[in-house]
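Here it is, the structure in full.
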Amino acid sequence: MPIGVPKVPFRSPGEEDAVWVDVNRLHRERLLFLGQEVDNEVSNQLVGLMVYLSIEDATKDLYLFINSPGGWVIPGMAIYDTMQFVSPDVHTICMGLAASMGSLILVGGEITKRLAFPHARVMIHQPASSFYEAQAGEFILEAEELLKLRETLTKVYVQRTGNPLWAVSEDMERDAFMSATEAQAHGIVDLVAVENENTNDFV
C-alpha cells in the first residue's frame, strides 16, 4: 500500500467484523478532486466520499477542485444534488477547465464559497443528444428528455447565479466560454484567486 493512503474500519450491514479500507490522505483532509469526464464511476466515488465525510464530521467544510470537460448529465446531477444535501458546506474551486457538467457542479458549490483560479476557463451549454442515428420514435423520446434536462439545468443556473431566465437560456444556446473574471460576473463563481506577490501563494 502506498505511503499516505491510510485505512479506516468499515463494517457492512449484517457483518460482525469490520474490514479495513483505503482512504486517500487528501480525502482525510476533506479535499476532493474532479479531474476527468463525469461518468457513473466518478459520480459514485464523489457521492460516496461526500456522504462518508459528512457522516464523519458534519461541521467541517468540503473542498471540491474541478478540472473537467464535463460528461454525462445524470451522473453530474447526482453530484450536484449530493452537494446540496450533505451537511457540510462544499467549496468549489475551478482550476483549468470547468465545462458543461463541470460548470454546473462548479456553480453548485456553497454560495460565497465558489472560486476560480485566475487562468481557469468555464463553459456552459445545453445538453447534447446521444442518438445520432436513432429511429424516429427513439429520436422523439430523446428530444423530449433533452428538453426536460435543458429546463432542469437552466433552472439550476438561474437559481445559483441570480441571472434572469432569458440571459441563461441565451448563453446556453451555444458553447459559451468565459474567463475566471467573466464567470464571476456571470455569478458562476464568487471569487477569483489572486497571486500574493510576497509569497507566490494564491489568496
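Glycine is treated like the rest: Cβ placed from N, Cα and C.
According to Swiss-Prot:
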type	residues	note
ACT_SITE	Ser100	active site, nucleophile
ACT_SITE	His125	active site
In angstrom units, rounded to an integer, how far apart are the Cα atoms of Ser100 (active site, nucleophile) and the residue listed as 'active site'?
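About 6 Å separates the two Cα atoms.
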List the residues of the same chain that sit at least 6 positions away from the residue listed as 'active site' in sequence and have their Cβ under 8 Å from its Cβ, in sequence order, or write 'none'.
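Looking at Cβ-Cβ distances below 8 Å from the residue listed as 'active site', excluding near sequence neighbours, one finds Ser100, Met172, Arg174, Asp175, Ala176.
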So for the residue listed as 'active site, nucleophile', how many other CB atoms are inside 10 Å of its CB?
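By my count, 25.
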